[in-house]
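A.B. asks: One structure, pasted below without further comment.
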Amino acid sequence: ECRYWLGGCSKTGDCCEHLSCSPKWHWCVWDGTF
């Protein structure tokens, strides 16, 4: 189950499509893709 926007994460693979894990805050942020 993937994490949605601003969901807690430890790596980008934790996040849903088009999201990446912020290394600074450890939550999922938009990666700029559609």
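Here, residue 1 is simply the first one shown, and the rest follow in order.
Note: Cβ is positioned from N, Cα and C throughout, glycine not excepted.
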A.B. asks: If you have Swiss-Prot open, could you say which of Cys16, Cys21 makes the disulfide with Cys2?
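C.D. replies: Swiss-Prot lists the disulfide between Cys2 and Cys16.
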A.B. asks: Using the alpha carbons only, what distance in Å do you get between Cys15 (disulfide bond) and Cys2 (disulfide bond) once rounded?
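C.D. replies: Between the Cα atoms of Cys15 (disulfide bond) and Cys2 (disulfide bond), the distance comes to 5 Å.
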A.B. asks: Tell me whether Cys28 (disulfide bond) sits in a helix, a strand or coil according to DSSP.
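C.D. replies: Looking at the DSSP assignment, Cys28 (disulfide bond) belongs to a strand.
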